[in-house]
Amino acid sequence: MSSPASKPASLLDASLLKPAMVDSLRKLHPRDVARNPVMFVVWAGSLLTTVLVVKDLVAPRPDAAPLGFTVQVTLWLWFTVLFANFAEAVAEGRGKAQAGALRKMRKETTARRWKDGREERVPAPDLRKGDEVICEAGDLIPGDGEVVEGIASVDESAITGESAPVIRESGGDRSAVTGGTKVLSDRIRVRISANPGDSFLDRMIGLVEGAARQKTPNEVALHILLVGLTLIFLLACVTLVPLALYSGVPLSGTAVVALLVCLIPTTIGGLLSAIGIAGMDRLLRKNVLAMSGRAVEAAGDVDTLLLDKTGTITLGNRMATELLPMPGVRMEELAEAAQLASLADETPEGRSIVTLVKDTYKMRPRELQAHHATFVPFTAQTRMSGCDLVDPHPRSIRKGAVDAIVTYVRSQGGAVPDELAQASGRIGDAGGTPLAVADGARLLGIIHLKDVVKGGIKERFDRFRAMGIRTVMITGDNPRTAAAIAREAGVDDFLAEATPEAKLALIRTEQGRGKLVAMTGDGTNDAPALAQADVGVAMNTGTQAAKEAGNMVDLDSNPTKLLEVVEVGKQLLMTHGTLTTFSIANDVAKYFAILPALFMGVFPQIAPLNVMGLSSPFSAVLSAVIFNALIIILLIPLALKGVRYRPLGAEALLRRSLLLYGVGGVIVPFVGIKVIDVLLGAVGLA
């Protein structure tokens with residue numbers, strides 16, 4: 001479920017558009033424009049043509065371009081800068097709206113600090129890292145921390161949007177609590193883990209607002225490319241001036257500026273920042289908090305996914321699927337014993353056994369009290385559970401691990417049939433878990449527990465395989481069981497009997513081969529691997545150590561979310577690539593629009609290059625400048641929403657991008673510039 005902070009604002013939302021328009025004007029300040037070298041060149045060109053307009057108004061020059069032409073070009077050049085600013089402001093505005101919603105979650109509370117064996121009430125902002133506070137039912141937790149004593153039900157809907165309460169307890173992987181969440185029951189003692197201003201909510205607000213956003217490596221590389229292209233075209237346009245003078249071509253300063261602006265990659269230059277901001281925004285709407293844009297980008301380049309079996313690939317609860325009686329044992333006898341041994345078992349496995357017996361063998365659950373039964377709980381030492389009956393005659397029914405039940409039967413003087421090992425082996429080979437059932441000295445049979453693979457997960461892995469991403473299942477199961485589940489789920493490889501050290505070693509091995517690795521984790525023992533992975537997604541329900549080690553936090557604590565994180569990263573990279581291709585392809589059409597129009601009068605030989613048949617040199621330049629500005633505003637929705645994600649390999653994606661955005665980037669300007677030329681002629685503006 002999405003959190004309140006993650007609901008996206010519509011692009012046409014007035015509350016978003018009005019501030020964005022104001023911000024786009026504010027961003028005309030040289031300090032803001034200078035952060036984007038491409039748009040700074042456009043800004044400088046706009047300023048230069050503005051000076052030319054004022055100069056022509058004050059002292060008209062006989063050799064100057066028509067004043068109306070210079071004014072129109074100047075206005076559209078300023079619009080180009082404003083549209084680029086508007087794209088960035090809209091992307092930032094969505095983040096500011098989310099930050100506003102997050103700020104509303106902050107509540108000034110009084111904390112019950114535990115110090116020197118007694119409670120004292122202090123304002124929550126006065127708490128420091130290491131302080132301990134007491135929280136009881138109805139209290140708001142005053143700050144981020146770890147439960148060091150007690151267990152409680154906590155409402156985290158203010159942060160995660162999930163209405164169902166969660167359990168937080170000391171000493172495990174569910175000990176982390178977040179400031180602003182509410183204790184619903186019981187009493188806990190919390191050790192504060194963040195100073196004021198460094199809390200989870202503070203970090204969310206800072207990241208959402210973009211205050212902590214840094215350019216990703218791909219953005220830096222793309223900026224270098226765009227700056228290089230801009231310098232090349234700047235030098236080319238500067239050299240045109242002496243060539244034009246030598247050739248006797250009347251080339252105005254306005255035309256040179258217009259040519260430069262149309263040739264440099266203004267489309268991607270104007271949208272680049274908005275694309276990056278929107279990428280982090282899309283991830284946040286999936287309730288995943290990325291600590292940096294670098295992490296989002298790395299997710300798009302991931303080569304290997306390490307996925308925990310439980311909760312990610314399988315449902316996590318083993319379900320009883322069949323009963324296998326031993327020779328000489330009736331199915332009804334095994335079903336009755338399995339049911340009796342499970343009636344007081346509140347685990348998902350125990351409930352599934354009762355349900356299987358009821359639905360398949362039509363045996364209604366019986367009351368243990370009627371048999372004067374005593375429930376025998378499961379322990380790590382015995383590895384079995386069951387019940388002892390008194391009426392109508394004494395019985396000791398047990399179910400549990402096969403080797404534990406075998407030991408129990410033999411201790412009662414019973415014999416173990418050879419068929420037991422064969423049946424257990426078949427279940428293990430199929431990826432299941434066998435539970436043996438005994439009635440005193442008689443071994444009755446086996447219950448087949450199966451870890452159910454999530455629906456649709458295999459198709460999802462097929463999509464990643466098509467993109468060249470390798471999937472590895474991480475499990476504590478034995479190799480035989482792990483291999484069976486891996487086959488059923490469709491993963492490429494598995495790591496059985498996994499330990500934290502084995503996970504870390506696997507990540508380092510993959511990285512040693514030049515691969516980028518992504519994984520999820522929630523426990524303190526996952527922290528080293530999360531820190532080592534290129535993309536480490538920590539669960540919000542996990543420990544503070546895990547959340548600090550990872551570079552993303554999943555507020556929903558859903559391990560499957562890693563797959564969506566990778567898709568968002570891929571979409572971000574695809575959007576960068578496709579719009580860059582489109583922008584550079586645009587320049588080709590604008591080249592054919594402006595250059596022939598400027599020089600065709602002196603050099604008739606280049607007339608065939610005027611493939612658009614534009615009506616006049618002034619109309620050609622003005623049409624290209626108008627198209628150059630309008631295409632930015634038209635592409636803002638695509639920059640914010642992202643290019644549609646398709647699970648294809650790198651070569652297939654490249655071919656598709658070149659065909660759709662490369663060829664399309666050439667054709668669209670030809671059509672657009674010609675249409676604008678016709679319209680300008682129709683209204684008498686050129």
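Cβ atoms are placed via backbone N, Cα and C, with glycine included.
Annotated ATP binding site per Swiss-Prot: Asp345, Glu349, Phe378, Thr379, Ala380, Gln381, Thr382, Arg383, Met384, Ser385, Lys399, in sequence order, evidence recorded as sequence analysis. Among the features that Swiss-Prot reports, Mg(2+) binding site is placed at Asp522, Asp526, with the record citing sequence analysis. The compositional bias 'Basic and acidic residues' annotation in Swiss-Prot covers 107-123. The transmembrane segment annotation in Swiss-Prot covers 38-58, 64-84, 224-244, 257-277, 592-612, 620-640, 666-686.
Annotated features taken from Swiss-Prot, shown on the structure.
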residue	record	Cβ within 10 Å
Asp345	ATP binding site	20
Phe378	ATP binding site	17
Thr382	ATP binding site	16
Met384	ATP binding site	22
Lys399	ATP binding site	28
Asp522	Mg(2+) binding site	26
Asp526	Mg(2+) binding site	27
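With a threshold of 8 Å between CB atoms, the same-chain residues lying at least 6 positions outside the transmembrane segment (224-244) that come near it are 37-38, 41, 250-251, 256, 259-260, 263-265, 268-269, 272, 580, 584, 598-599. Annotation note: Asp522 (Mg(2+) binding site) sits in a coil segment as assigned by DSSP. The distance from the Cα of Thr382 (ATP binding site) to the Cα of Asp522 (Mg(2+) binding site) comes to 29 Å. Straight-line distance linking the Cα atoms of Lys399 (ATP binding site) and Asp522 (Mg(2+) binding site), rounded to a whole number, equals 31 Å. Mapped onto DSSP classes, the compositional bias 'Basic and acidic residues' (107-123) shows 0 helix, 12 strand, 5 coil. Taking the C-alpha positions, the distance from Asp345 (ATP binding site) to Asp522 (Mg(2+) binding site) comes to 27 Å. Straight-line distance linking the Cα atoms of Asp526 (Mg(2+) binding site) and Met384 (ATP binding site), rounded to a whole number, equals 29 Å. Long-range neighbours of the transmembrane segment (257-277) within the same chain, counting only residues 6 or more positions beyond its ends whose Cβ lies under 8 Å from a Cβ of the stretch, are 36-39, 41-42, 45, 48-49, 73, 77, 80, 83-84, 87-88, 90-92, 94-95, 210, 213, 215-216, 219, 222-223, 226, 229-230, 233-234, 236-237, 240, 293, 572, 575-576, 579-580, 582-584, 586-587, 590-591, 593-595, 598, 621-622, 624-625, 628, 631-632, 635-636, 639-640, 642. The distance from the Cα of Met384 (ATP binding site) to the Cα of Asp522 (Mg(2+) binding site) comes to 28 Å. The DSSP secondary structure for Lys399 (ATP binding site) is strand.
Beyond its flanks by at least six residues, the compositional bias 'Basic and acidic residues' (107-123) meets 131-135, 139-140, 142-143, 180, 189 of its own chain at Cβ-Cβ distances under 8 Å. Reduced to three states, the DSSP call for Phe378 (ATP binding site) is coil. Packing against the transmembrane segment (592-612) from elsewhere in the chain are residues 244, 247-249, 251, 255, 258-259, 262, 619-621, 623-624, 669-670, 673-674, 677: each is 6 or more residues past its ends and has a CB under 8 Å from a CB in it.
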